[in-house]
Amino acid sequence: MQTAYWVMVMMMVWITAPLSEGGKPNDVIRGLVPDDLTPQLILRSLISRRRSDKDVREGYKCVWKTCMPALWRRHDLKGKD
């Protein structure tokens with residue numbers, strides 16, 4: 001907990017120190033963000049990480065290396081009305 005506190009304090013000092021030297025808030029914020037980071041790059045990375053529909057409709061669910069077929073694919077449940 002103490003480490004998190006000191007990290008927070010140091011980040012506050014790191015952000016506010018340039019302001020005391022006459023810097024503008026926008027310049028300080030821009031200094032924290034990499035130059036090559038653009039909204040298009042962020043959107044592209046989010047889209048590439050999204051799961052495709054094929055992954056969502058997968059027929060098997062595996063838990064602890066034990067894979068069970070999905071309910072709609074189990075043949076023993078069909079016709080038991």
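Cβ atoms here come from the backbone N, Cα and C positions, even for glycine.
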Residue among Trp6, Trp64 with Swiss-Prot annotation D-tryptophan is Trp64
Per Swiss-Prot, the candidate from Pro18, Pro69 carrying the annotation 4-hydroxyproline: Pro69
